[in-house]
There are 2 protein chains.
Amino acid sequence: MSTRVFILSDHTGITAASISRALLAQFPHQSFELEEHPFLDSLEKVTAIVTEIARLNAEHQPPLVFSSFVNGEIRDLLVRTCGKRLFDIFEAFTPPLEKVLGEPASPVTGQLHGIGNSGSYTARIKALDYAMIHDDGSITRNYEKADVILIGVSRSGKTPTCLYLALHNGLQAANYPLVDEDLESSRLPGVLQEFKSKLVALTIDPRQLHRIRQQRRPGSRYASPGQCEWEVHQAENLFRKHHIPVIDTTAISIEEIAVHITAEIMH
Amino acid sequence: MSTRVFILSDHTGITAASISRALLAQFPHQSFELEEHPFLDSLEKVTAIVTEIARLNAEHQPPLVFSSFVNGEIRDLLVRTCGKRLFDIFEAFTPPLEKVLGEPASPVTGQLHGIGNSGSYTARIKALDYAMIHDDGSITRNYEKADVILIGVSRSGKTPTCLYLALHNGLQAANYPLVDEDLESSRLPGVLQEFKSKLVALTIDPRQLHRIRQQRRPGSRYASPGQCEWEVHQAENLFRKHHIPVIDTTAISIEEIAVHITAEIMH
């Protein structure tokens, strides 16, 4: 029987959700049924769920609760209801942090988002516009303003990575798709030459590339195993020859690619 | 003097970073200097940083360390070096979770991303393609396949939200920009009528809209305070008349808008 898991927060609950998934993944023999309840920013809003938890407890089917509540009153209520089955980020870390910093915490919800952060919001929107204008095959190549330029064959992960970097890091990320004529030579495409220091290459296993392209254009030359293998082979030679840092996107997520790239840029 | 804060992880460290920011925001009178070190997936890789932490400790400038290490050996090393100044997600939550679940945890790094999750990866890429094809002013309006259709005036936040929903939730989100001719009438635009149940509206404070549009086209009629006010007023009338759920994007982040929308879709 699967254990019910409540993910509760007075804000988006994104962090509580990601923690719960990472922790529960360590118990692969058990099954869990997750449900998320964000924006529970008052005792009133949390009441119905607390009642549901108390009911499950009484029926000897106590759920797990992962939460992030800045509000101490709500946390106290949950501690009383859930006991040891409550895993709240602020409950776990705020008291020891207060001790170490020698100062009581001031509860602030969602402080890191929203209007207080509108400078960064503007940067992210600007970066997003940039990423969309400078996506695959676009004519505009305003690479002077790029923080990073991703190169790679079609469907190696450039577009989602550029959008992620814009949305999350406010980075202006352009991308340049390597096409057959680029790949036939081992020269760096002309438009990229003066921006070599901004280049990061993405590569991918040719079989995975074949599978992805098959979904896009089934049975095409573009999707054929031979074409995919040739493109990846040529691209990797080009990256090696010009000492461009390479990230293999085959088995990693967009978040992971993005973190590798920000680390690369910092160097 | 500001306290150095290390954010360490054997994976992306995104969760550890977001927790550290949320926790430290509760101490507004202190200043912190954050540095992130992701992908420390072996004792070797973590050694240089542990040495640096030990040096800072010896100089009586002990840093704070926020981390997420699945690897228990690395955690033990950090506990020995940092003591009470270590805040590790797995260290805090895994032992009590083991007790509650009556089973020892099996350490798995990054289990939730990568190839194990490639079904969801494919869904996200497909959703992203959909979002980009169905963005503002596009001719393709394949709304049958949309999970949600965002409507609102230009620059009310539709595009970033659609891309976020695609990247994070794998949702196919289309957007329809309300232009003057839509706003002059109080009828729902023809193409949207049969998809009314999929509509979620975004609105924004007209002064904020003016500021955003000024950056895009300074001094234009499009950016003028009067035009912004008229558009928002007309749009809100339209949303009200047709009972379309509305999210005010003025003071909230893209993440928050996205969570509101997924909650709206669940209803």
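Cβ atoms are placed via backbone N, Cα and C, with glycine included.
All TrEMBL annotations are machine predictions without curation.
Now, the feature entries from TrEMBL:
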BINDING   A:Gly152, A:Val153, A:Ser154, A:Arg155, A:Ser156, A:Gly157, A:Lys158, A:Thr159  ADP binding site
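Here the features listed in TrEMBL are painted onto the structure.
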{"residue": "A:Gly152", "record": "ADP binding site", "Cβ within 10 Å": "27"}
{"residue": "A:Val153", "record": "ADP binding site", "Cβ within 10 Å": "27"}
{"residue": "A:Ser154", "record": "ADP binding site", "Cβ within 10 Å": "18"}
{"residue": "A:Arg155", "record": "ADP binding site", "Cβ within 10 Å": "25"}
{"residue": "A:Ser156", "record": "ADP binding site", "Cβ within 10 Å": "28"}
{"residue": "A:Gly157", "record": "ADP binding site", "Cβ within 10 Å": "26"}
{"residue": "A:Lys158", "record": "ADP binding site", "Cβ within 10 Å": "27"}
{"residue": "A:Thr159", "record": "ADP binding site", "Cβ within 10 Å": "22"}
> Do the binding-site residues A:Gly152, A:Val153, A:Ser156, A:Lys158, A:Thr159 include any whose Cβ comes within less than 8 Å of a Cβ in chain B, and which?
Replying inline: A:Thr159
> When DSSP states are folded down to helix, strand and coil, where does A:Thr159 (ADP binding site) land?
Replying inline: helix
